[in-house]
Amino acid sequence: MNGVSEGTRGCSDRQPGALTQGHSCSRKMNASRCLSEEVGSLRPLTMAVLSASFVVGVLGNGLVPWVTVFRMARTVSTVCFFHLALADFMLSLSLPILVYYIVSRQWLLGEWACKLYTGFVFLTFSTSNCLLVLISVDRCISVLYPVWALNHRTEQRASWLAFGVWLLAAALCSAHLKFRTTRKWNGCMQCYLQFNLENETAQMWTQEVFGRQMAVIMAHFLLGFLGPLAIIGTCAHLIRAKLLREGWVHANRPKRLLLVLVSALSAGSHLT
């Protein structure tokens, strides 16, 4: 759900973007179908990927919270991984709704369900990204300042930080609660982002609506991808440099971990 659909007056003959990506005015649509021919041709593959992700995500991420709570000692790391697995588990649970949307080719659950579902997806996805950043910073501090970390890293502080991450993610997804709406197009109901509000003049539209659209796009890109990537990359570089100075033979492991995290962030931002 990365990217922003356009529900604007400037293109009255445009199909509003659904849960995925906005469509351009020039895209030719088949009036007898609710999705474009390009999207329709990818439906089987998309459904297979989402179904597999649902099964693996629910089983894998559902096991991690149980293990961290009942089978492991409570530490800063287990607190962070518990919340990370919980966010990913919740995101996995939402995938059947997306599969249902793809099967029906339109949004049939109403406007408030449109707002709540997209807000929920961005809440869990943003929480997962922010927790990856928190884990990376925690690892970096532990390696660079071990004495300070030993005296100040506590489970209680980790829990408060994790709670703060959830609040930050909730703030990031608030735009979907405000601007998400539904609209019929060619007889098919779509769930999309509508940036022009009621009682706005044409002059206000150009400035205000475009500003809202760009603000949401930049917030998602900077806070959902580029920002976490920069922080995680910096932490991995600092850890690797410290380990190399100390002659650790496995100093390249943080680099490989960074590649895995980058792949996860990139794949997640495009899948959603």
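Heads up, the Cβ atoms here are built off N, Cα and C, so glycines get one too.
As annotated by Swiss-Prot, disulfide bond applies to C114-C191. Of all Cβ atoms in the shown protein chains, 22 besides its own fall within 10 Å of the Cβ of C114 (disulfide bond).
According to Swiss-Prot, the feature N-linked glycosylation site maps to N30 (among others), an assignment based on sequence analysis.
Residues or ranges marked as N-linked glycosylation site in Swiss-Prot (evidence: sequence analysis): N199 (among others).
Sequence annotations record features per position, and here Swiss-Prot assigns region 'Disordered' to 1-24.
Look at Swiss-Prot and you will find 1-46 (among others) tagged as topological domain 'Extracellular', backed by sequence analysis.
For the topological domain 'Cytoplasmic' (68-78), the DSSP-based tally of helix, strand and coil residues reads 6 helix, 0 strand, 5 coil. Taken from Swiss-Prot, the feature topological domain 'Cytoplasmic' applies to 68-78 (among others), supported by sequence analysis.
Residues or ranges marked as topological domain 'Extracellular' by Swiss-Prot: 100-116 (among others).
Taken from Swiss-Prot, the feature topological domain 'Cytoplasmic' covers 138-158 (among others). Predicted-model confidence for the topological domain 'Cytoplasmic' (138-158) is 91, expressed as mean pLDDT.
According to Swiss-Prot, the topological domain 'Extracellular' annotation covers 180-213 (among others), on the basis of sequence analysis.
The annotation topological domain 'Cytoplasmic' is assigned in Swiss-Prot to 235-272 (among others).
Per Swiss-Prot, the feature transmembrane segment maps to 47-67 (among others); the stated evidence is sequence analysis.
Feature annotation from Swiss-Prot assigns transmembrane segment to 79-99 (among others); the stated evidence is sequence analysis.
Among residues of the same chain six or more beyond the transmembrane segment (117-137), those with a C-beta under 8 A of the stretch's C-beta atoms are 1, 19, 77, 80-81, 83-84, 87-88, 90-91, 94, 97, 109, 161-162, 165-166, 168-170, 172-174, 176-177, 180, 191, 223-225, 227-228, 231-232, 235-236, 261, 264-265, 268-269, 272. Annotation source Swiss-Prot lists transmembrane segment at 117-137 (among others), citing sequence analysis.
Residues or ranges marked as transmembrane segment in Swiss-Prot (evidence: sequence analysis): 159-179 (among others). If one looks beyond the transmembrane segment (159-179) by at least 6 residues along the same chain, the residues whose Cβ comes under 8 Å of a Cβ in the stretch are 79-80, 83, 115-116, 118-120, 122-124, 126-127, 130-131, 134, 193-195, 212, 216, 219-220, 223-224.
The feature transmembrane segment is assigned by Swiss-Prot to 214-234 (among others), with sequence analysis given as support.
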Region pair the transmembrane segment (79-99) / the transmembrane segment (47-67), three or more CB pairs under 8 Å:
yes
By DSSP, what is the split of the topological domain 'Cytoplasmic' (138-158) into helix, strand and coil residues?
18 helix, 0 strand, 3 coil
Its residues classified by DSSP, the topological domain 'Extracellular' (100-116) shows 11 helix, 0 strand, 6 coil
Which residues of the same chain, at least 6 past either end of the topological domain 'Cytoplasmic' (138-158), have a Cβ under 8 Å from a Cβ in it?
74-77, 79-80, 235, 238-239, 242-243
